[in-house]
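Worksheet: the structure to be examined is printed underneath.
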Amino acid sequence: MAVLVLLSYEKGDQIRKISRSAISAAGKLGTEVHALLVGDHLDGLSQKASQLQGIQKLLVAEHAAYAHMQAEPVADLIASLAGSYEFIVAPANAEGKDILPRLAGLLDVQPISDVVEMIDASTFVRPIYAGSILATVTSKDAKKLLSVRGTTFEAVAETGGNATIEKIENLPASDKQLSVFKELKLSQSDRPELESARVVISGGRGMQSGENFVLLEKIADQLDAAIGASRAAVDAGFVPNDYQVGQTGKIVAPELYVAVALSGAIQHLAGMKDSKIVVAINKDPEAPIFKVSDYGIIGDLFEILPQLEAALKAR
Amino acid sequence: MKILVPVKRVVDSNIKPLVKSDNSGVEVGGVKMSMNPFDETAVEEAVRLKEQKIASEVVVISIGEPKCQDTLRTAMAMGADRGILVTSEDALESLSVAKILQHFVTKEQPDVVLMGKQASDDDMNATGQILAAKLGWAQGTFVSKLELSDGKAQITREIDDGQEILELTLPAVITTDLRLNEPRFASLPNIMKAKKKPIETVALADLGVDTAVRLQVKSVAESSSVREGVIVGSVEELMDKLQNEAKVI
């Protein structure tokens, strides 16, 4: 039996990179991979999704009830398709983590969240205790429901595939509207998405104010980087919540992660420890972040950041 | 309006967890245990709703070894009215916990189950959603703002690119983001008062709920994030390392 991968996309018709990582993870299960696109007005996205590498079939479920991907109708929909699948895989992002466990409740399965490694078709590795420990788990469920981290599975290519598109005609009736969509407040940013950026530069409480994040932005401009933050910086109101990197925020693994004025709490490390190269800038030589960095500079960010910006410009 | 808040006893999240020498699990003997911080946020929110006279009763429930009583007492010292302790020596996974909670939701008939979005030990982030599905209720996950009125809950959810506002029809399961509030410290008089609040104790074995293990932990291992930590003396030196050694810029 095959594996079904729930696709996640941005408003504005971009399939998220984590969806492509989920397809790549699903490919390791050694069976046919189908993708499921759920939403409303999906013509453009269906064409894009059908070209993703690694999928043989694309299922499309289009209905106004799915426009905002609320867990109640979407889980009902996937449950109606689940009979044909041995595995159901979702990205471990806000959407997947909302929908997949609800589906598990409907199907009476113990879901497996945040999978970072597929050992075989029933054995998986997932982080626990804010990522400080890795657990190897074996599922006895006949149907396996997995959410997968984008950071450890290389994304499949956006084009080059040629999946057959199958529109789902028999959508389950959603008679009762348990939740009603009211409003979406998107953070506006011209920068790359945190989870897919090649370089991420994050600030901590030591940034002292939201205004001082301009210093990080100037460096981000030079490196086409995304900007992140520690929970402390977000809680202090310096930057919006969706900047947060860590156990309860975004999980990132860029080529280069620059941590500025950020102590390195275990909950923050959970969100960036898989980065290829980590640089720490902190005035406290005892800051734990230095122990988890490849390179560190001890000093005042207000002196170091302008120097770094100038050096990057001069490249 | 009645609110049920499940609370989990976990290894204190400020402590570095240690792997047992045979790698079979995490050492919990002799380690400081606390209420799951995500659940603490849920207790705080429920108590605030009671103080605002929106909720009439806050019931807390904990499942596990008898020591979970301490967790219930902490929640009652924060302001919860009474506790339910379900005793079990088994390690229980989210699906089993959801089934046990379902049993008590049927019995207690709360309007809202308010709970942490995940536990800081297994980070599964699943029990609330499973429970909502089992009950056929609306679910509001990762909630950073909550307003209850007239059989509805207006929630603000933390999502990938910002926030989403939904209106849920009650009854509903709502799972909390840490951002929802700043939990209080219980005062000494309230800690004393909590000792007199009632706790109903039930043995899991007497409930007839299927809690067979579906997901077995085979082994655990420490995940080291330690790196070399070369301290460079200047921005020039850092640029040289990044360009010529790491080759990332």
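Glycine too: its Cβ is placed from the backbone N, Cα and C atoms.
Quick look at what TrEMBL annotates:
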BINDING   A:Arg205, A:Ser230, A:Arg231, A:Gln244, A:Val245, A:Gly246, A:Gln247, A:Thr248, A:Asn282  FAD binding site
DOMAIN    A:3-185  domain 'Electron transfer flavoprotein alpha/beta-subunit N-terminal'
Among A:Arg205, A:Arg231, the most crowded of the binding-site residues [Cβ within 10 Å]: A:Arg231
Subset of binding-site residues A:Arg205, A:Val245, A:Gln247, A:Asn282 within reach of chain B (CB-CB under 8 A): A:Gln247
FAD binding residues A:Arg205, A:Ser230, A:Arg231, A:Gln244, A:Val245, A:Gly246, A:Gln247, A:Thr248, A:Asn282: largest Cα-Cα distance, in Å and rounded to whole number: 23
Chain-internal residues, separated by at least six, CB under 8 A from A:Gln247 (FAD binding site): A:Ala130, A:Gly131, A:Ile266, A:Gln267, A:His268, A:Ala270, A:Gly271
Number of other Cβ atoms within 10 Å of the Cβ of A:Asn282 (FAD binding site) across all protein chains: 26
Nonlocal residues around A:Val245 (FAD binding site), in sequence order (Cβ under 8 Å, 6 or more apart): A:Leu194, A:Val200, A:Ser202, A:Gly228, A:Ala229, A:Ser230, A:Ile251, A:Val252, A:His268, A:Gly271, A:Met272
